[in-house]
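First comes the structure, then the notes that go with it.
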Amino acid sequence: MLRRQAGGTSDSRKRSDNGVEGRAGQRAEAAGTERRSLSKSPKRTAPASAAAARGGALHLAALLLVVFGLQAAGLFLFKEGYLVTRLVLTTTGQCPASPPWLDAAVATGSAGASAGSDATGSTPASRSAEAASSAACWPRARFSKLLFVLIDAMRFDFMSYNASVPMDQTPHYINKMPRLDKRLRTRPAHALLFRGLADAPTTTLQRLMALTTGSLPTLVDAGSNFGGKAIGEDNLIAHMQRRGRSVVAVGDDTWEGLFPALNASYAYPSFVVWDLHSVDRAVMSHLFPILEHGAAQRQQQRAGGSVNTDGGVAPSGNSTLDWSMLIAHFLGVDHAGHRYGPDHPAMGDKLAELDAVVDRALDLIDDDTLVVVLGDHGMDVKGDHGGDSDNELDAGLFLYSKTRPLTDAVGGRDPTIGGSDDDGLSSAVDDEDLAAVFRRKVIAGIDALGIDGASHPFGLWEGHRTATQIDLVPTLSMLMGLPTPFGSLGTIIPELFFVQSEYAPGDIPGDSTSRSKRADVADASGKPQASASVSAAPAAAESPDAGGRQKPGRRAALSALASWLWPKIAIGEAGRPVRMASPLETLVGAMRANAAQIHTYVAEYSKRRGDAAAAFAGTQKLFDAAEAAFQRLAVGGVRIGKGRPGKSDGAASGGVDSNDGSFDEAHADAEPDESSSVDELVDVYLQYMRYTRTTLVMARKIWARFDTVLIVMGCTVIVLGIGAAVGVWLAATRADGPLPSLGMLAASFAGGSLVGLPGVVRRVAYPDEDPVTLIMKTHHEMVFFGAVAVLVAMVVSVVRAARRTTTKKTEAAPACIAWSGTTGVVLFALYVCCAGSDSFTIYEDHVVHHFVQAYAVVTALRAMMQVADTRLRRGIVARMAGVFVLARGVHASSICRGDQGYCTPSFNASGESSVTAPHAVVMLGAAITAAVWLFVGVLRRRARLAGLARDVGLTVLPVGLFLSFVYWLLNTVEEHDPAMPEDLANVKYVVARLFWLLMIPGAAGYVLRNPACVDVPRAPLLERVLAAASRLAGRAPAGSAGLGATPAESYLCLVAIVYANLAVFQKPMGGVIMALAFMQMLLVLETMDLLVAAARDELARGRLKTDADGATETAGGGDRDGADLGGVDLTGVQVLHTAVLLLIGQKAFFGTGHQNALSSVQYETGFVGLTDVDWVLSPTFVGLNTFGGPMLAGVAAPLVALWLLGGARSSSASASSSAPSSVAGGSGDRGGTRAAATSLLLYFGCVSATEMVSATAFSAWFQKHSQSWRVWGPKFLFYDIGHVAAFAAAAVVLAVAAVLEQ
């Protein structure tokens, strides 16, 4: 039922000359007059009117949900066809059984794979079988253990040492690891440092996937960084475990999620970015006891005793202590970067600490252990990562071996390089340094390859050797004697294979020794034996002593004799001579095995995906050319040492007898028939290198298999959805006819879905594609045809309703507002088209800023030219000046993308820091004070500051913002003063929780539980959710303390509460920007009020010209404030300011420290009020921080229509007007509910959806552009997620309103 509101008297109809302020009482009285008129209407009773209004609002709200569902369907289809995917093959990789010199003819496309083997489904029995056959791997294992130290976000320049930088000019992250540098300088053959180039996205989970599988994770995988699932493809750890080797991980819990079957795991949360030390200390507490146990074990073995397991040392057999691969993942550097940035004392302290940790670990390892110290990615100048800037991709990579040289490429002479006049070398080639050969021919040759599309050089970059991170996978696999994971696209790091390699007797052509008895077979404990061969030892072999060790005396003598007789004959562990290959021969052999593995994978992948076969056709030619060159070299005779296999019988002719392997002195002085030149070997290597690197570059381009048909289907649904939304919006605002029936739409979707069942589109578009590997599935077609059917039904229904009903007659808009519609369309169309330019997209923060300022300038100029009333003209110009100045303030806060050439970051304390500047907190206090002052002023001018308006404006909002200010003040002090007392630092958590208690449930509940002007009976939850907009109308309590006649002021109070709740999750500078954006919205609302007043004034002046009798009475202009705008079309004003609201929200997104890049995500905001990670709240808080600006604009969207609704009604004519303004949306419910719903439909269904189509369509159009994933892909992701988040925020606000009111 309707309640009469007291306080309406005839005196309140007196006009005032105070502009907007003087009309507050008039609107309040007009509401009472209108309600009395409606209650006395003989055509519709009050309960019937309320029910009809509620029903119409429910229907319109339901249609809004349908439109959003159609958008979601379109995005789903587009995402399925656009976001990069690759077919994961579960095939298990195998390794070659012998050196490629002995098996030159490789079965193209079939070698190196065990088709159909599952990468993770091995059983203990199968693992034992594989362990028994591990002797098939070539090259031979050089290490039996791997210590994998991963320092999260360890950038290359953190790890390198630059002595030329003066101490007083050294940043905090430079020259903090001197112990590492000392090993690089003093032991160059045992310690190597590379730029370990990562692939985007530079998020931890994706980098770990790449480091273990050798594959290229895709951009869409970045979303799983907070919760990845177990790896289902072949990987390095799976091969370790299949061979009975124990893998232990300590540190980041991401390892446990990816590899749940680890032998032992000590996992710690990785998301607590404010904690620099807890995880690192926990890692050290496990790492050093494990390494010290091994050192103690070796020491006691040398002493002839056993390991004492007392004092915390576990007995033998413990999977943690008997490890073959030990992973230690430190997080302190990454957390220091996120919290402070790289150039901060905390970063220097952390790097120095880890330098000591690594140095101590290197002292504790044994001779059989290879150490890898690396960063999974780098960090940008602010300490963040996720994108593809050079600083984010440039990680450090350090390798170390205690006693065994890693390479011959750093010094020494190769005694096997024999020169001739035609080999391209001087006659002094025998004395040429190996390092010079490697540098001048191998590395220089890699640099000279000039592979098109490579983002970074594969040889040297700024004077340092480079290696892509996935190169580690085949490199470590071969060094550990393991098969390379089947899907690896990495290339072996050449330094690690530029060594002399030992050919076991079974590797020599004609040798009768069984290859099943090779030395690298694992023993029962899973540890490789040390001998080079376990074949029957000749008489010269020495038997082991009582302690199980071989006596070194005779072996040393034999080695010396063999070296004197034949430089490339060595004595193996079994006491027999074995033949050695030169470093170049070893490198070429390993490179061919690497290329064959990649070729096998590409061939298998191309069988599953037809489009991949065409894309990799060019690389097939490169592989064939490399194979042909290798065949020529092999057939012509491959030199092993100074000999080579004989061409006549294939037997060994280099000093080893083909029957028993004994040393053949008769051949000791034999010269080879011909020698393969260095240049020929290097040429073959470089041809294989060209193939592997070209394949990698091609995979980066086509890995994202775009399904064009799905992309077109998705864009079609979104575009048609906009058309349907426009039709429903026009029908709701301009006609009284029925809207599309929900039942009809549901039936249309069901019928359309059935059309997609047969899979017609798939059969037509992909007639030859394997259905198993096809991206498009049945459910895609069902969604598409169902969505199209709904869209067609909506359009047909709207058109029929328009023909059957009479469209409302509207009066032409006065000149002072007639320009607004065209200006709004042009302004927003320009913004939409900007996504078609990479430059405009990169500098979108600047573009949006200029559009907001353009709105302010155009509106002010129009007011100066077309608004006759001086007070109104000055009011509009003053408010537009405020919008302009506030836009400059918002633009003053920025962070920079890596590809923005002209940009000065100002969001943080410095461009190389994530720490808040102290002055930002001062600015925050001033900004929230100004926001509260302006909010209260708007309420004063719009209505009387009493009741709810007084409580929200003077109590709820100031208290909430003050608590937010205190929290960030304490947080900033803690950032700048690490010695801050812990008790004082913990106060901020109390403040944050107090904020939650007061602002979220308390304030919202207080706002929504004020007495309503319309009694709404209890209804089911769904109806209450859909009717939320209706129950927001008329929040003022009965009596003279109300807010006024319209729900606009009440909803503004709710928007203010939402602003406060969003602002608390912004860092201080972000809080400043949110306050400025909120003030911009308030000024825009007041500008609309003044434009409506100007239109009313212009109508009154026009009527004066046609009414000569009333000229004297209205000469003073008193009746101009009371002119009726009910029949005037205000659509243009609504469109313009809805578009401007979206632009303000977008600019707030950039001003709060974000860009369309993953590296701009502020993970530390996930701990506002939390002392530990919460996997529900923390990601939610990060989302509120990232999309706070768009969410505030989306929640405020109904204010545009509600504000116009209140301003369009005059105090003198609203009670009797039968033709309300077009924004009211219909009669009978006072327009508030319907106007709010139509405003949301305009914002989300038309305006924001148009920009979403732009971001989506241009990202599809430029899918093959070189900047696709740098520019348009992130734009698509961030804007579309922001659109969904804004709609979700509006829905949540309305749902909470509906639930709490009951």
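Cβ from N, Cα, C; glycine included.
According to TrEMBL, the feature region 'Disordered' maps to residues 1211-1230, out of the candidate ranges 291-310, 411-430, 1211-1230.
Counting residues 6+ beyond its ends, the transmembrane segment (708-730) has Cβ neighbours under 8 Å at 60, 63, 67, 70-71, 73-82, 739-740, 761, 765-766, 775-776, 780, 784, 787-788, 791, 794-795, 798-799, 1238, 1241-1242, 1245-1246, 1249-1250, 1252-1253, 1256-1257, 1260, 1263 in the same chain. Per-stretch counts of Cβ pairs under 8 Å to the transmembrane segment (782-800) identify 57-78 as the leading one among 57-78, 812-835, 920-939, 951-970, 1240-1261.
Within the chain, the transmembrane segment (1240-1261) has long-range Cβ neighbours (under 8 A, six or more residues past its boundaries) at 60, 63-64, 67-68, 71, 75, 78, 82, 706, 711, 714-715, 718-719, 721-722, 724-726, 728-729, 732, 828, 831-833, 835-836, 841, 1134-1135, 1138-1139, 1141-1142, 1194, 1197-1198, 1200-1201, 1268, 1272-1273, 1275-1276, 1279-1280, 1283, 1286-1287, 1290.
Only pairs six or more apart in sequence are counted, and the transmembrane segment (920-939) with the transmembrane segment (742-761) gives fewer than three Cβ pairs under 8 Å, not enough to call it a contact.
Of the Cβ pairs linking the transmembrane segment (812-835) with the transmembrane segment (1072-1095) and spaced 6 or more residues apart, 3 or more are under 8 Å, so the two regions touch. Sequence-distant contacts of the transmembrane segment (57-78) (same chain, at least 6 residues past either end, Cβ-Cβ under 8 Å): 710-711, 713-718, 720-721, 724-725, 728, 732, 739-740, 742, 745, 780, 783-784, 786-787, 790-791, 794, 1023, 1026-1030, 1225, 1229, 1233-1234, 1237-1238, 1240-1241, 1244-1245, 1249, 1252, 1256, 1260, 1280, 1283-1284, 1287. Remote same-chain residues near the transmembrane segment (951-970) are listed as 916, 921, 924-925, 928, 931-932, 935-936, 939, 945, 984-985, 987-988, 991-992, 994-995, 998-999, 1003, 1006-1007, 1053, 1056-1057, 1060-1061, 1063-1064, 1067-1068, 1071, 1168-1169 (criterion: CB distance under 8 Å, separation of at least six residues from the stretch ends).
Within the model, the domain 'GPI ethanolamine phosphate transferase 2 C-terminal' (1137-1279) carries an average pLDDT of 79.
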